[in-house]
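Asks: Got a structure for you, written out below as structure tokens; questions coming shortly.
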Amino acid sequence: MSLPRHNYDPRRVCINPFPNISLGKHRRTVGIYLAGGLFALANWTFLDAAILSAHAHPPFDDPQLPPPVHVTFVDWIPGICSLLGMIIVNLIDKDRVRGEDGMGDAAAVWRARLVLFIGFALMAGGLAGSVTVLILKYIIHHYQEQYTYYGYANVSQNVALMLSAIVLWISQSSGGEYEYSLSI
Amino acid sequence: MAAGIKTVILLSFVLAVGFLMIILSCALWSNWLPLLVAFTFVLAPLPNAIFSRCGSDDFSTEEGSGPVDLGRFITSIIVVTGFALPLVLAHSEVIAPTACGMSIVGGSLVYGTILAYTRTFRQDESDFD
């Protein structure tokens, strides 16, 4: 490390290992396409589990017992919570949350932050709920791997929904304020 | 202009091959669910086409507004749906795995044709970008 760093800040403790990706002009477009793709992927992952559950049958050389567990409405609840949270988070005006530019009164900023908190809480609650469903409904009953897949699909649905919301948030905040909106 | 005519002929052949694959994937197993893939991919450029007229303003230099973003989001959802639908159907053994592969290949040919056509014969925006 004999060469001095490009932007060296002596106050900095850790060196940021993330590469400074700049897609330039198309960053917003790419981010939004990516967010939509993740959104569809999330919902199709869960729908795959639901359709598979509706068509489930044991392997043909086994005795033909009915499957012990199905995807019921309980499995749908975490996804619905995540979806509501994602909608709420993206409805918030992002300039209003910052509240430092002297725009708007303090009460509006407070309300915006409260609604944003509710949105993120819904998303986190959806993720936590999916993990809860995975453990309580599938893992502690020691089902076969064919059936625990429903729970894993539920968790991955919620993770992908959260990723989609994050990507959408980052890509919608315009270019110059990139570092700033990440620090909210 | 000769290049344009060649491109049109090539693209139409690719489009025909794509539809052939999709229809074969339906007809060989006499299970017409993969035909949804064709509808999905034909529908895919529609939100972009609708919403791109909403946000464009001569004075706003910064790209992107709410409606344009919504159109891109929906387009991306539809494209991923087109790929995910045959996979899901094949996973739950509604359609055969070969039919799934054929409909995915056919669908991506159709969508690639649409993309290439709009990319090649774009008229208005190319002067300004």
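We count from 1, first residue shown onward.
Quick reminder: no glycine exception, Cβ is built from N, Cα and C everywhere.
No curator has checked TrEMBL annotations; they are predicted automatically.
Take a look at what TrEMBL says about it:
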type	residues	note
TRANSMEM	B:7-25	transmembrane segment
TRANSMEM	B:31-50	transmembrane segment
TRANSMEM	B:70-89	transmembrane segment
TRANSMEM	B:95-117	transmembrane segment
Asks: For the transmembrane segment (B:7-25), give me same-chain residues lying six or more residues beyond its boundaries with a C-beta closer than 8 angstroms to one of its C-beta atoms, as numbers and ranges.
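Replies: Counting only partners 6 or more residues beyond its ends, the transmembrane segment (B:7-25) has Cβ contacts under 8 Å with 34-35, 37-38, 95, 98-100, 102-103, 105-110, 112-113, 116-117, 120.
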Asks: Six or more residues beyond either end and a Cβ under 8 Å away: which residues meet both conditions relative to the transmembrane segment (B:95-117)?
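Replies: Tertiary neighbours of the transmembrane segment (B:95-117) are 11, 14-15, 17-22, 24-26, 28-29, 31, 33-34, 37-38, 40-42, 44-45, 79, 82-83, 86-87, 89.
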